[in-house]
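All remarks here apply to the structure that follows.
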Amino acid sequence: MSDGFEQKEQKPFNTGREETIMEETKQVGKGILYGLIAIFSAMLLTSLAVSLLLTATSLEESSFNWLITAISFLSLFIGGFISGGKGKERGWMIGALTALSFSLIILLFQYLGFGKTFTAEQLIFHLGFLGVCMLGGIFGVNMRGNRSST
């Protein structure tokens, strides 16, 4: 029995854009997490190696300053590279978010643990970390082999 007012099946206003945004957000978050894990793993291994060298030899800590700085920058480049590779798009942004997350973790550790904020020298280092990690993210996105060309 038809009364003239047939109800049409209403399509939801959402056409799948929210699912796409959620998937992209998961991808970015996953990339940042993998990048941070890589950074902290590399720094942990470096700390272990340097501490073993300091205890086993007569070397002093000051002789490792430049090596530790170079390895720190390399670690952040690798972390940005991994985060950009996992994120698959916008490597500069994912690299920047990875570096900012790293800097925030270090700042929180330093402030909550020691009651100190960043010095001017540390701030310059963390700005350098930001640039290097962004560069790593750009390379990470562009080195992925399974991208399709249009």
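Positions of Cβ are set from backbone N, Cα and C atoms, glycine also.
Note that the structure is predicted; figures quoted are calculated from it, not measured.
What Swiss-Prot says about this one:
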TRANSMEM  32-52  transmembrane segment
TRANSMEM  64-84  transmembrane segment
TRANSMEM  94-114  transmembrane segment
TRANSMEM  123-143  transmembrane segment
Per the Cβ filter (under 8 Å) with a sequence gap of at least 6 from its ends, the transmembrane segment (123-143) is approached by 35, 69, 72-73, 76-96, 98-100, 102-103, 106
Tertiary contacts of the transmembrane segment (94-114) (same chain, 6+ residues out, Cβ under 8 Å)
28, 31-32, 35-36, 39, 76, 79-80, 83-84, 87, 126, 129-130, 132-138, 140-141
